[in-house]
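Below is one structure, written out as structure tokens; the observations come after it.
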Amino acid sequence: MAARLTQIASHLARQPIAATTAAATATALATKIGIKSPDDVVIIDAVRTPLTRGKKGGFKDTVPEDLLAAVLIAIKDRTKIDPSIVDDICVGTVLQASGGSTVSRQAALYAGYPEKTSIYTTNRQCSSGLQAVVNIAAHIQAGLIDVGIGAGVESMTMGYGPSAMAPRTSEIIPAASQAAADCNLPMGITSENVASDYNIDRKRQDAFSARSFQKAAKAQKEGKFDSEIIPVQTTILDADGKPQSITVAHDDGVRDGVTEESLSKLKPAFGGLTTAGTASQVSDGAAAVLLMKRKTAQRLGLPILGKYVASAVQGVPPRIMGVGPAVAIPAVCEKAGVAIQDIDVFELNEAFASQAVYVIETLGLDENKINLNGGAIAIGHPLGCTGARQIATLFPILKSQNKRLGLTTMCIGSGMGMAAIFERE
């Protein structure tokens, strides 16, 4: 009897290990490139509003929850899903008062999602939109939810600038730690630090920015953004303060005719090399991504854009925060088991030309794979929106180029970088 009890105990003890191994195997298959697994976390749709100039553009009088509601409605209408299947929504946002939680909940309810669909916000500064998508993907992988939306929204018109700073912060922490003190550096100064530390001269910055403007202008003329952008009806106040109803259908920060020569005439904004033409635009906008497991999509008969493969976040010195992608890109490629050269298309957020040039040169990236339709310098960088916006931009590019692997990445204020890999179906 004692021997039998020992045998049973041994058998029971082994079961969790076997179950864990099976789960680990399923997860490994579900993230392996080139292999389709029922447990893949797949992207069904990714949409965005136009990005408009902060304080000047089409959304200057539009509150962020209205922008968020627009993309949540679009996800529902474009895919024709029953909104009741959405278990959770995560919204990346940086500048909203009280973290934007209450108004995001209001936006979801207004957009037609039932009360049982939960929602929360997340803030990892410039990567918040990507972090929202990764959070939803991780929750699906873990079995916590079946269907979710990762989104991002920002009105830099309403939340950006000195007025958005905390009225009081610690004096003890930055006094005791230079790295902590560097977290408070203006982003433009971190751009100058990258340029100075790594000899990124003005000419290379102007040349990079000119290419971004030229690619974006060409893409806009050719309608390459049309499949990712949803027109938004809103109200704008004219010069006399009178409301006018308008439909915003295009990114309004894109400028045609920008050249390296024209950019070279701009004055530095921070006493160094960075100018208004070599920095990302202050913008307003929103984006959303619908995710679920492959087997769920197949059961519902939904077409699949592609799958989420892996993500990585890495810390770097705060004073040169822009170098973050140079660390995050190798980290995520290692997780995915691919070489950097295997990536077909990069969506590299152009916070500043200085840091984008640094990342490209340090990793030896092929510029013909980077920001094929321009980037944040030409289109805009609404902080919480960008990470989700990049995904909405990435998949149409992969399709048009008949390519498979895409990577989105950005630097993060206070000294980090984030990157994620996606595979087109």
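Every residue, even glycine, has its Cβ placed from backbone N, Cα and C.
Database features, via TrEMBL:
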ACT_SITE  C126  active site, acyl-thioester intermediate
ACT_SITE  H381  active site, proton acceptor
ACT_SITE  C411  active site, proton acceptor
DOMAIN    41-294  domain 'Thiolase N-terminal'
DOMAIN    303-424  domain 'Thiolase C-terminal'
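Known features from TrEMBL, placed on the structure.
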{"residue": "C126", "record": "active site, acyl-thioester intermediate", "DSSP (3 states)": "helix"}
{"residue": "H381", "record": "active site, proton acceptor", "DSSP (3 states)": "coil"}
{"residue": "C411", "record": "active site, proton acceptor", "DSSP (3 states)": "strand"}
Next item on the list: Please spell out the DSSP helix, strand and coil residue counts for the domain 'Thiolase C-terminal' (303-424).
Entry: 56 helix, 33 strand, 33 coil
Item checked: Packing count at C411 (active site, proton acceptor) (other Cβ atoms within 10 Å of its Cβ) -> 34
Note to self: What are the sequence-distant neighbours of the residue listed as 'active site, acyl-thioester intermediate', meaning same chain, six or more residues apart, C-beta distance under 8 angstroms?
What the structure shows: V94, N349, A351, H381, L383, T386, G387, M410, C411, I412, G413
